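Asks: Shown below is the structure under consideration.
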Amino acid sequence: MGAFLDKPKTEKHNAHGAGNGLRYGLSSMQGWRVEMEDAHTAVVGIPHGLEDWSFFAVYDGHAGSRVANYCSTHLLEHITTNEDFRAADKSGFALEPSVENVKTGIRTGFLKIDEYMRNFSDLRNGMDRSGSTAVGVMISPTHIYFINCGDSRAVLCRNGQVCFSTQDHKPCNPMEKERIQNAGGSVMIQRVNGSLAVSRALGDYDYKCVDGKGPTEQLVSPEPEVYEILRAEEDEFVVLACDGIWDVMSNEELCEFVNSRLEVSDDLENVCNWVVDTCLHKGSRDNMSIVLVCFANAPKVSDEAVKRDLELDKHLESRVEEIMQKSGEEGMPDLAHVMRILSAENIPNLPPGGGLAGKRNVIEAVYSRLNPNKDNDGGAGDLEDSLVAL
């Protein structure tokens, strides 16, 4: 669960789509981890009468990808088909769910899928001990329902600022710790029984076998927290991401970075790729996944912002050339040396929230062109200290 590769796998999975007045893009990268355990869901138009609703989610698997992958395909179905989610009239016709129907139905869907997966032979006999966080949004014409189970996170940006974010479920949180202790467990080194770093998750059945306790009273609970927010014209975008992103970017930093990138590109896959690359260069050692959902009021491409960004790229290209020419007299410098020099300079118009790491790819491209035989180290590595102030 904590094994790393010698070099990160930087190939990305991308997708995008649009509908119901929304646009979305997503990106995922294995990074330094030995396995890719993340998964995602993106559904614009929920079947069976909720075509003007949409659902997006990110799942951060651990100890394997089995639970994350199954939930990415089947969680929405477990939510929308249970009796708590949708009431019916006397003729049996499904009615538009109320706010309370939706919130109760989401909770029921999580408990049902968790109980259903428990019967899978590999999960039941302990051959597979995987679990997964889940963070998502269900978007109706009037509301945004934020759903969280674990330490992945969702953030809403409105009027250029963080308007709302879900709260991580960590074992050291007082309410989580109380439940863990009441179930006979302990919190050591901020982990459940010194092992698991999240206090709520789907799967993880080794932590859900305390006799006399219900499913939401176990060491690890599958119960999500669900919040509803009325949609507003000022809504700009929602970000869903696993902790591989949040480990190196705060809510505010990520929203600032996304906002600035939307002003230079309307390609949401590109924006998501920039986030993932920037987090890799900031030192993230985990799998990384992000789903970006944009509303009609999301930032638009600005000619001024595009010009400013191009000027920044040209400045960085020129500085890398100067550094390498100057250092070349004593031998070609490595990329870490170039980055350390740049990190000490006052460079204007770096991407807010991303800093120099947000332009690492530009710097790498120039470095590789001038020194094609040099390994550029592939990721963050020894650059974390250089970029810590950025």
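Note: Cβ is positioned from N, Cα and C throughout, glycine not excepted.
Worth saying up front: this structure is predicted, and the values here are computed from it rather than measured.
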Asks: Need one residue: from ASP204, ASP206, ASP286, the one Swiss-Prot lists with ASP60, ASP243 for Mn(2+) 2.
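Replies: Among ASP204, ASP206, ASP286, only ASP286 appears alongside ASP60, ASP243 as Mn(2+) 2-binding in Swiss-Prot.
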Asks: Would you please say which range out of 311-330, 371-390 has the annotation region 'Disordered' in Swiss-Prot?
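Replies: Based on what Swiss-Prot states, region 'Disordered' spans 371-390.
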Asks: Sorry to bug you, but what's the C-alpha spacing from GLY61 (Mn(2+) 1 binding site) to LYS12 (ISG15 cross-link), rounded to the closest Å?
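Replies: Distance (Cα to Cα, whole Å): 17 Å.
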Asks: Can you name the residues of this chain that are 6 or more positions from ASP286 (Mn(2+) 2 binding site) yet have a C-beta less than 8 Å from its C-beta?
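Replies: The answer is GLY31, TRP32, ARG33, CYS242, ASP243, GLY244, ASP247.
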Asks: What does DSSP assign ASP286 (Mn(2+) 2 binding site), in three states?
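Replies: In three-state terms, ASP286 (Mn(2+) 2 binding site) counts as coil.
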Asks: Which entry in the list of binding-site residues, ASP60, ASP243, has its Cβ near the fewest other Cβ atoms, using 10 Å as the limit?
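Replies: Relative to the other binding-site residues in ASP60, ASP243, ASP243 has the fewest Cβ atoms within 10 Å.
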Asks: Return the count of C-beta atoms lying within 10 angstroms of the C-beta of GLY61 (Mn(2+) 1 binding site), excluding that atom itself.
Replies: 28
Asks: In which DSSP state, out of helix, strand and coil, do we find ASP243 (Mn(2+) 2 binding site)?
Replies: helix
